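Here's what TrEMBL has on this protein:
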ACT_SITE  Glu345  active site, proton acceptor
BINDING   His344, His348, Glu367  Zn(2+) binding site
DOMAIN    46-235  domain 'Aminopeptidase N-like N-terminal'
DOMAIN    271-498  domain 'Peptidase M1 membrane alanine aminopeptidase'
DOMAIN    578-792  domain 'ERAP1-like C-terminal'
SIGNAL    1-27  signal peptide
SITE      Tyr430  site 'Transition state stabilizer'
Amino acid sequence: MKKFRAFTCSALLLSALLAVTPSVVQARGIVSRRAFDSYRLPNTTVPTHYTLRLDTDIHREIFDYTGNVQIRINVLEATDQIVLHSSRSEITHVQLRNGVGLSVPVKNFEFDEDKEFLVVNVGTTLQPNTGTYTLEIDFTNSIARNDQAGFYRSSYDDENGVRRYLGLTQFESVDARTSFPCYDEPGIKTTYDILIVCGIDYHARSNAPLRGIQLLEGGKKLSTFATTPRMQTYLVAWLVSDFKYEREVLTDPQLAIASWSKPSSVHLLSYSVDASKRFMRAMEEYFDQLYSMSKIDNVAIKDEDYAAGAMENWGLVTYKESAISYGPEDGEQRQVGVVTIVGHEFTHQFFGNLLAPKWWSYLWLNEGFARLYQYYLGAISHPELQLRERFVTGPFQTALRADNSLTVRPMTYYTETRPSISRLFDSIAYDKSACVLRMMNYALGERTFQKGLRYYLQQNKERGVVEESNLFDSLEQAAKEDAVLPISLSIHEIFGSWSHQPGVPLVKVRRDGNEYLFTQERYIANTPPEEPFENSWWIPISFSTPSNNAFEKLPAFWMPPNVSEVAYTIETVQDEVVSFNPHSTGYYRVEYEESMLRELIERINKDHTGFEPATRARLIDDTLNIAQSRGGNYDVVLQLLNYLQRETDYVPWAVAYENLRHMQSMLRTNDAVSQLLERFIEKIASPLLERYGVDHRTGESASVGELRTIAIDLACSGSQSCNDDAQSAVRSLASKKHYTMEDNALLCHGLQQSNAEQRKALQAQFSQVLSDKNLDNPSAKQFLLQSLSCLGGDMTKVQSFAKYLLALSESDRTKALHRLLVELNVPLAEIVQSLQSELSQRRSNSVYYKHGPKLIFEIARYVTDPSDVQLLSSVASSYDSWVASEIEQQVNANLNWVEQNVEPLKNALTRYFDA
């Protein structure tokens with residue numbers, strides 16, 4: 001039975017005087033005026049302005065705070081209830097005033113705890129069009145919470161070893177309501193005046209610039225901030241700390257850009273300030289839109305205390321400390337990380353902040369643009385980092401992996417509850433959406449797409465709330481003006497076919513002379529269902545030949561949905577081959593008929609430089625994935641991969657590396673086939689290792705460093721000189737102060753050869769260094785955490801598997817699990833048991849517990865033995881049923897892969913080495 005907590009206003013005063021906590025009563029004990037059958041607010045009233053005052057004592061290590069919020073509201077429908085959100089706050093006083101300041105009687109208020117509603121029952125009926133009302137609420141709350149959400153505490157140890165506390169906010173998606181009463185929905189935008197009381201030696205920062213400081217009694221001060229732009233609750237933010245900053249003030253127009261951190265790490269912030277400056281100005285120029293405030297702050301939070309990774313709060317962006325720290329010894333790879341994370345959050349200042357999604361269904365309008373332009377605008381602000389090519393090896397590959405299952409959702413997807421909203425923050429919202437937007441960028445032409453986005457911003461910024469049709473309208477206007485679409489097509493029809501359907505298309509192509517015939521179907525990584533899919537898309541088909549690259553990025557034609565076959569003529573000269581989707585501009589896979597595929601592979605083995613690196617990468621990825629989905633044609637796959645012995649470019653190797661690691665994970669319990677595969681991998685990767693060696697060189701690009709790391713990972717075990725260098729890396733670990741990406745790969749290989757005494761000494765080193773409170777270089781600490789898994793089972797003498805894996809970022813966790821389960825053969829059961837033990841000690845609202853399903857899903861990708869299924873399912877049983885369902889699907893896919901692929905792959909490898 002649903003429960004409400006109900007309070008009368010007179011009872012509030014009495015309970016405060018008697019220090020009595022009101023009891024929880026059944027909803028039927030109060031005469032409720034509305035049955036709330038939805039998790040959406042009824043919106044009979046809407047806010048037009050908030051004045052929020054908070055009084056904190058964090059400087060005294062007191063973590064309770066008091067607050068007062070005054071919400072000006074308009075009445076849209078006649079009602080005797082005001083319904084908003086509140087959770088965790090203890091309400092101490094509620095009052096309502098009309099437009100001239102006179103009190104309006106309030107009978108009582110209730111809490112619908114399931115929907116997190118605060119229902120204020122008014123003693124009269126409020127009528128629309130009768131002026132503005134002010135709802136004023138006094139409340140208390142606490143930052144002593146363990147979910148790293150809402151307004152919560154973090155800490156650091158200063159140079160004297162003294163623990164210093166701070167308070168920060170993380171409200172997206174639905175945690176503003178856990179810190180102050182508010183209308184906590186993404187499509188409700190209004191302005192805020194924020195006032196914060198803190199210790200005199202601390203300072204407060206918020207979204208808007210500081211307007212003034214007033215000294216108070218008791219060693220405290222009141223910071224008052226300028227009125228914010230109209231924004232949604234999840235962007236409201238503040239910081240109470242004694243952090244220091246690096247700052248640069250730009251002119252024309254004036255903009256103060258600052259990065260904040262604990263005092264001992266300020267020297268690592270200069271690069272983030274410069275990256276912010278360059279990206280912001282590039283973004284303003286590209287979209288012809290100025291940033292709307294006179295300041296923007298970046299805040300570096302201790303990694304362990306910031307599970308969100310980064311958050312685009314308007315004017316006060318927060319990050320994990322390691323994400324924006326950059327020291328003089330760090331290489332270009334760290335620059336790539338800083339620029340892309342800053343670029344992602346800064347892009348949100350327009351896409352997500354200036355234009356907010358009407359509901360979470362349109363989250364992709366935030367995250368898709370941010371993911372795309374962190375690379376594409378980053379390539380403009382920082383051309384030296386070559387970020388556009390990294391989109392193909394990053395988000396594009398991630399999207400294809402995420403979008404290949406039977407149960408994946410479409411981009412636009414409606415849901416209401418807290419847990420289901422949280423699950424929307426996935427690769428579909430981020431990576432697939434970015435790929436589809438990028439596809440439209442190339443299909444329309446970048447100038448037309450850019451014009452459409454400028455229209456989108458200008459036409460919608462005043463209202464500030466959008467849904468997908470607003471984007472489609474603006475792109476349609478630009479496309480018609482530039483005449484880049486066939487007159488019979490509309491953006492609504494084209495784009496809607498991608499945003500409303502799940503999955504990724506597979507385009508099959510066969511040749512009949514100079515005529516090429518195309519069909520489409522939905523691609524599934526494993527056996528498709530018996531009933532065929534009905535999904536069908538408008539697909540921009542691009543192609544390239546040695547003599548014709550006019551359509552290598554632009555569409556030669558649009559393949560319509562729901563047709564059996566499409567024919568297109570391509571004139572070629574003798575011996576030319578045609579490659580489709582050569583730059584991965586289209587979000588689809590290509591399956592060539594076998595004669596065409598063999599011809600492409602023959603050419604790529606003869607002279608791979610005749611194809612662009614992105615074309616080679618696309619051919620590798622599509623060929624391997626299609627083969628694995630059907631368990632066949634591995635002779636052709638190995639013939640294609642054989643050319644990698646001559647490959648020196650990062651993009652094809654990065655794509656091949658990801659695919660090879662997946663095959664390794666599926667074969668981890670099959671020693672015989674694993675050894676054959678390792679022998680093949682070592683053969684094709686050894687020339688890469690010979691070319692690049694193992695030593696990092698100052699000033700070389702991040703791509704070269706990553707190529708070297710791939711070579712070490714794949715081929716070091718077969719090279720005596722590399723093994724010697726790996727042993728040297730182990731011996732020098734204690735004396736190193738700065739680390740490169742190659743050091744991690746070498747260290748892991750060296751540890752696999754170390755004896756028991758060396759490993760014991762290294763365990764002590766890891767324990768000492770990771771507990772060193774004076775280790776102020778986040779990059780160094782991150783390196784050591786990444787390397788801890790190189791100890792395999794011995795790492796548990798330093799930290800349990802579960803604590804370690806739960807504390808890592810998603811990308812680092814993926815690498816660590818592969819290392820533990822595939823390279824070091826740690827029993828999967830040991831990791832699952834560690835996770836089960838850890839989660840049993842955590843409250844259901846803790847950050848570790850909430851992130852448990854993500855780790856369970858990651859582990860499930862390695863399950864190929866039915867004996868492991870039951871143990872993993874028992875861990876999942878403490879969560880909602882959807883977790884177990886997702887695990888079952890993943891495990892079935894793995895078992896199907898093994899059944900389909902092991903024998904064909906073994907036979908092909910045997911033939912390869914017998915030839």
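One is the number of the first residue shown, and numbering goes on along the chain from there.
Any Cβ shown, glycine's included, is placed from N, Cα and C.
Known features from TrEMBL, placed on the structure.
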residue: His344; record: Zn(2+) binding site; Cβ contacts under 8 Å, 6 or more apart: Ala310, Glu312, Ala370, Arg371, Gln374
residue: Glu345; record: active site, proton acceptor; Cβ contacts under 8 Å, 6 or more apart: Ala310, Met311, Glu312, Val317, Tyr319, Ala370
residue: His348; record: Zn(2+) binding site; Cβ contacts under 8 Å, 6 or more apart: Glu312, Asn366, Ala370
residue: Glu367; record: Zn(2+) binding site; Cβ contacts under 8 Å, 6 or more apart: Gly352, Phe425, Ala429, Tyr430, Ser433, Ala434
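For the domain 'ERAP1-like C-terminal' (578-792), the predicted model reports an average pLDDT of 92. Take the mean position of the Cβ atoms of His344, His348, Glu367, the recorded Zn(2+) site; other residues of that chain with a Cβ within 8 Å of it are Glu312, Glu345, Thr347, Phe351, Gly352, Asn366, Phe369, Ala370, Arg371, Gln374, Tyr430.
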